[in-house]
Amino acid sequence: MEMLEEHRCFEGWQQRWRHDSSTLNCPMTFSIFLPPPRDHTPPPVLYWLSGLTCNDENFTIKAGAQRVAAELGIVLVMPDTSPRGEQVANDDGYDLGQGAGFYLNATQPPWATHYRMYDYLRDELPALVQSQFNVSDRCAISGHSMGGHGALIMALKNPGKYTSVSAFAPIVNPCSVPWGIKAFSSYLGEDKNAWLEWDSCALMYASNAQDAIPTLIDQGDNDQFLADQLQPAVLAEAARQKAWPMTLRIQPGYDHSYYFIASFIEDHLRFHAQYLLK
């Protein structure tokens, strides 16, 4: 591992690291915020997954999460949104390829060689964080848009791994919206049954009641992608039918930007703290 940057921030440290990923077959960067140490108890971790076109720095720089994370004693880990590099398959569109990994394991060429973000987030990155930093094994997950999709599927596919999950403007039903259909067709092929494994609505309908964890979703009602790409009401209905403890908040006037995330990130951190710090 190689440290790329380090900055003092709210008495803690904001760092950026590069490491060679055996899962993704390329070097990867991630950012981490380490709150000021309190006692000998290792702090819990909140993983943040960003959206299309982003990398590990968007949330770090724009969301303003460090102040409250420092107060609460929560480590923030921000991975990249895809594998990177000249040897990694890419596409000219912003919504496929590098910067658009969709947090799944691709099965189709040319993507399958590198695009295994799900395995990276489930196994390799948490193991690296555990081995290199003083953190507890308690963790939660959150994300925005494509990253909200990622956070939800990570939680739904891994019962017991996360204490809680939250999302801002998530893509909840990728099997049925243009962003998801384009990505899944390329990464997973034309068998739509294979897509269901990566769709949070389908996963929620298939979930067991004992695996449900507290879930918070914020969605701006002035989001230009709300009707065509996001459709949170579809997941809310699945949650209702499965008695999943999910709160969906529609925030008047807010759009899809980091101004929206910055406005409510404190709520999300305090939400996760209730369960991480038990």
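Positions of Cβ are set from backbone N, Cα and C atoms, glycine also.
Around SER145 (active site, charge relay system), a 10 Å sphere centred on its CB holds 25 further CB atoms from the protein chains shown. Residues or ranges marked as active site, charge relay system in Swiss-Prot (evidence: similarity to another entry): SER145 (among others).
According to Swiss-Prot, the active site, charge relay system annotation covers ASP223 (among others), on the basis of similarity to another entry. The DSSP secondary structure for ASP223 (active site, charge relay system) is coil.
Per Swiss-Prot, active site, charge relay system is recorded for HIS256 (among others), and the stated evidence type is similarity to another entry. According to its DSSP assignment, HIS256 (active site, charge relay system) is coil. Using a 10 Å Cβ-Cβ cutoff, HIS256 (active site, charge relay system) registers 21 neighbours.
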